[in-house]
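Database features (TrEMBL):
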type: DOMAIN; residues: 62-106; note: domain 'CXXC-type'
Amino acid sequence: PEPPLRRNRKRPPPEPPQEGVMALCASCQTLFPGVSLPPQRRCRWLCPDCRAQRRDFNREQRFYKRVGCGTCQACRIPEDCGICSACARSAPGAAPGRAPKCLLRR
């Protein structure tokens, strides 16, 4: 009896960059020659400058989500409302960092 055939699940090796291959930055729409992209269906390639801007923006947004901006309407509310679903779930003696944040103050 012959052994059953196995499927190979490994990806094929990446192709070497070809002449005339160009990548288009999804943000600034600049063409970059000689960039080989992975064979993914939804590949949204960013040039190094746009990628750095995106990282800085995401880092800033994470900071504001954790600390708060202090100027928007939600940041100006000093205390939890006590009636939303997040306030109803949190125990009165729970640590403030562990409890879900009030929906009005998000």
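Each residue, glycine too, has its Cβ placed from N, Cα and C.
Just so you know, TrEMBL annotations never went through curation; they're auto-generated.
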Q: Please average pLDDT over the domain 'CXXC-type' (62-106) for the predicted structure.
A: 76
Q) So, by DSSP, how many helix, strand and coil residues make up the domain 'CXXC-type' (62-106)? A) 14 helix, 0 strand, 31 coil
